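Comments concern the structure below.
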Ligand SMILES: *[C@@H]1O[C@H](CO)[C@@H](O)[C@H](O)[C@H]1NC(C)=O
Ligand SMILES: *[C@@H]1O[C@H](CO)[C@@H](O)[C@H](O)[C@H]1NC(C)=O
């Protein structure tokens with residue numbers, strides 16, 4: 001009797017200090033690699049994800065049921081690079097009455113990459129505008145994929161990058177369809193070790209800080225080749241009072257020197273969470289959305305599931 005009480009107290013402690021499971025998800029919760037989430041003013045939720053010219057799913061509530069609606073850019077990108085009929089890692093933002101959908105044109109392991117943009121007034125049909133001017137080739141110290149737009153209070157900033165020199169930011173014009181004239185790509189985070197496996201930057205504001213979320217580790221192909229425990233994707237964060245530099249982790253370590261505080265990592269049936277973003281939901285407040293392997297289902301990239309957790313910022317650092 002006593003030992004079962006102790007066991008249940010211990011499991012309660014585990015729940016308090018561990019990671020919450022993803023919120024419920026119904027309908028099509030797979031096909032969710034590198035998701036982007038937004039709610040239309042009529043309450044309908046939209047989810048965009050990697051591949052198939054950016055898949056669109058919609059749902060009447062944030063927990064579903066999700067339904068596949070087709071490709072956002074059915075004719076492929078105007079950007080003439082390998083990958084223009086695939087398209088990765090979408091980011092969606094509303095500015096005024098227009099939605100901006102940023103996407104990556106690239107191919108696995110290549111630096112021949114560019115960030116494109118499409119616009120819409122309803123989230124259903126999109127007009128591809130092609131190149132934003134943020135691009136890379138072999139020899140650059142970055143890979144121009146994984147875009148995320150951010151309004152820092154006075155200007156639009158685009159964060160991007162994957163491996164090589166890791167995460168960068170560039171100032172954007174307003175409206176945010178092109179990089180600002182002469183804007184440089186400034187390094188904002190770097191992992192010095194190994195392959196510099198850091199990507200998926202996403203900046204979100206809370207209080208006086210700009211929080212830089214990113215994915216650290218190996219993202220993909222877990223069905224073929226699973227890395228050593230702890231080397232798979234996890235979600236980390238740094239913060240700064242500037243959106244364009246000075247990011248440090250909770251221990252004060254510079255994020256240009258390997259810093260990063262873990263927000264979410266493998267736990268229970270959740271494996272390799274990443275490709276994340278933050279959405280300020282009108283009902284739930286800030287939520288972290290991401291993809292993960294549900295180990296009860298399978299490890300293939302096409303089986304990755306859509307996850308959402310509410311974020312608690314009360315300590316000054318995001319806790320899920
Ligand atoms: C795709 O291409 C077809 C044929 O050129 C054109 O009729 C159609 O409007 C295009 N669709 C979009 C969404 O641009
Ligand atoms: C947020 O976390 C703090 C502990 O850091 C806790 O006291 C508070 O109840 C949490 N808020 C919510 C809404 O869960």
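Cβ coordinates are placed from backbone N, Cα and C, and glycine is handled just like the others.
For 1-20, the entry in TrEMBL reads signal peptide.
Per TrEMBL, the feature active site, proton acceptor maps to 34. In this view, residue 34 (active site, proton acceptor) is surrounded by 28 other Cβ atoms within 10 Å of its Cβ, with every protein chain counted.
Around residue 199 (active site, proton donor), the same-chain residues at least 6 positions away in sequence with a Cβ under 8 Å from its Cβ are 145, 146, 161, 162, 163, 166, 167, 214, 215, 219. Look at TrEMBL and you will find 199 tagged as active site, proton donor.
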